[in-house]
Amino acid sequence: GLGREFDGIGAVSGGGATSRLLVNYPEPYRSEILDYLFKPNFGASLHILKVEIGGDAQSTDGTEPSHMHYENDENYFRGYEWWLMKEAKKRNPKIKLIGLPWAFPGWIGKGENWPYDYPDITAYYIISWILGAKQYHDLDIDYIGIWNERAFSSKYIKLLRYTLDKHGLEQVRIIASDRLWEPISFVMMIDSELHGVVDVIGAHYPGTKTVPNAILTGKKLWSSEDYSTFNNDVGAGCWARILNQNYVNGNMTATIAWNLVASYYEELPFGRCALMTAQEPWSGHYKVESPIWITAHTTQFTQPGWSYLQVDGHLEGGGSFVALTDGLGNLTIIIETMSHNHSKCIRPPLPNFNVIPQRATFYLRGSFYMVQTLQVWHSRLDFESGNSSLFQQLHPLQVWRGRFSLDLNVDEVYTLTTLKTGWKCGYPEPPPPQPFPSIYNDDFNIRNPPFSEAPNFADQTGVFEYFVNASDPGDHVFTLRQVVVQRPITWVSDADQTISVIGNFKWVNMTVTCDIYIEKPRDGGVFIAGRVDNGGIYVRDSKGVFFWVFADGTYRVTGDLAGKEVLMKGLAGVRDNAWHTLTLNIQGNSASGLLNGYPLWENVTVSKPGNGWAALGTRSFEFAQFDNFHVE
């Protein structure tokens, strides 16, 4: 008979800034990447796209901007998630959209690092995002989450449902709590009102298992974030195994990968933990990694709304299979035989198991007894030669009197299906990889930028946006401005300073020049930096060579973003609300700095780190502007 309804396979953009470098890929490469991800019957053919609702705070590999930086501020054209959702919908109008916050702007907590003290404000903020998606981008959000991998509040969830309904958003479903199966399942069992408003229980990295309480709720169970594994063939093995076993072992009817596409500097945390890689917009190079084709084994031959069939799903020699139907006579069977060492995900630890070559015989009964042929798609992950065969169409399989047998080797995936629509296609090879240009300029002079942020700058605390300086008649009408002026409700430990990094992590010797404008009187300050060695969730620990100037007329050179390791300090004569030019030169073990073209300090000894990005930023969460950025 029928099992649970299938809800789809998807991926996450965000949590955080994982699609940052995708937006400034040149065409045709950008469209090709999007086709591999979203175009039906083409590549990954994803059923679900989940995005971060930007909260102005660090959410793993960078910050994503909020639609409401301040209480009286609304802007539905910041960041790149709106654009990405539209591109996904353009290719697959049926794709399901999910929004989930990792962090929130500071004003929501009125100074407290907590989003639930004023639940009506938080609900209003989230509803604004959903309404803005529709009003400005004609996007219908299907599901909304609570707070990624952090505490939930039953009171807030109930209020969120009430507020959704009040705004005519009855069709938006609620997922909770994007953490573990408990305590949400237990609380739903004892709170019937909460049980009534949560539509999906979403757990993260469940290791293909669920818990009794979750099943007892009778709700849909999803692995709402999973995978997070380096996208080589072991990553593909992990993904193949959990795509099947999340249902076979855990009754989960959707699995969502973090993350969609590795479009962030690879040396940031969890580099290349994505379905494919597109981290070089300057060269146009990208790579369709093996997890894309593993995804296709399921997504090209199923749709949300299909049903799983009630089968045991465990193969005798190890491995698993699932079977799904559209209820109209079509049947899809997906088999995986991933071995333990070739399918380890990043988390949780994987208990030992054995898989051996085996002959499996399948019996088709009931309405499927009449099936005579099945189309066959096959992948074999080859860890000896590294010469894997991915998503190849083999000869159709003859079914005789409702039975067929298959010889299964280890580390294979088969899709057997009545559908004839599968397709493995491709574009010509993209350009070869190139390092980030060794000479790079940006004067930010763009009247109608397609995105709110300047290309290649990867914000790690704070948000840096294009700004039009109406008050400046001179050379600084178009600038880059840091706009977060209150510490957000954070997801991890953001720095106390703001910082955006850019360039090639392997850079050693460099000159960084930038015009700077301190807006905050008295204790305002800005910096430029080189050899910056850390970002993402570790941004607080960033080391490098930092050249600071302050509104009180002083300067500092420090070996860290926190400003604790002072290498040099003195008077500079810089003041707020005036433009100055800073130059930082790092050669070998020595650094020097210029102010407005004149030497300010020199022969400062720098030892560690030996390499890293260029960067700019501010002393605190304060307004400041930057112009005519140059690195060599």
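Note that Cβ sites are derived from N, Cα and C of the backbone, with glycine treated the same way.
The local packing around Glu149 (active site, proton donor/acceptor), expressed as other Cβ atoms within 10 Å of its Cβ over all shown chains, amounts to 15. Residues or ranges marked as active site, proton donor/acceptor by TrEMBL: Glu149.
Here TrEMBL flags Glu225 as active site, nucleophile.
For 6-300, the entry in TrEMBL reads domain 'Glycosyl hydrolase family 59 catalytic'.
Annotation source TrEMBL lists domain 'Glycosyl hydrolase family 59 central' at 308-422.
Residues or ranges marked as domain 'Glycosyl hydrolase family 59 C-terminal lectin' by TrEMBL: 459-632. Here the domain 'Glycosyl hydrolase family 59 C-terminal lectin' (459-632) has a mean pLDDT of 97 out of 100.
Note: the CA-CA distance between Glu149 (active site, proton donor/acceptor) and Glu225 (active site, nucleophile) rounds to 10 Å. There are 26 other CB atoms within 10 A of the CB of Glu225 (active site, nucleophile), with all protein chains counted. Taking H, G and I as helix, E and B as strand and the rest as coil, DSSP gives the domain 'Glycosyl hydrolase family 59 central' (308-422) the counts 8 helix, 52 strand, 55 coil.
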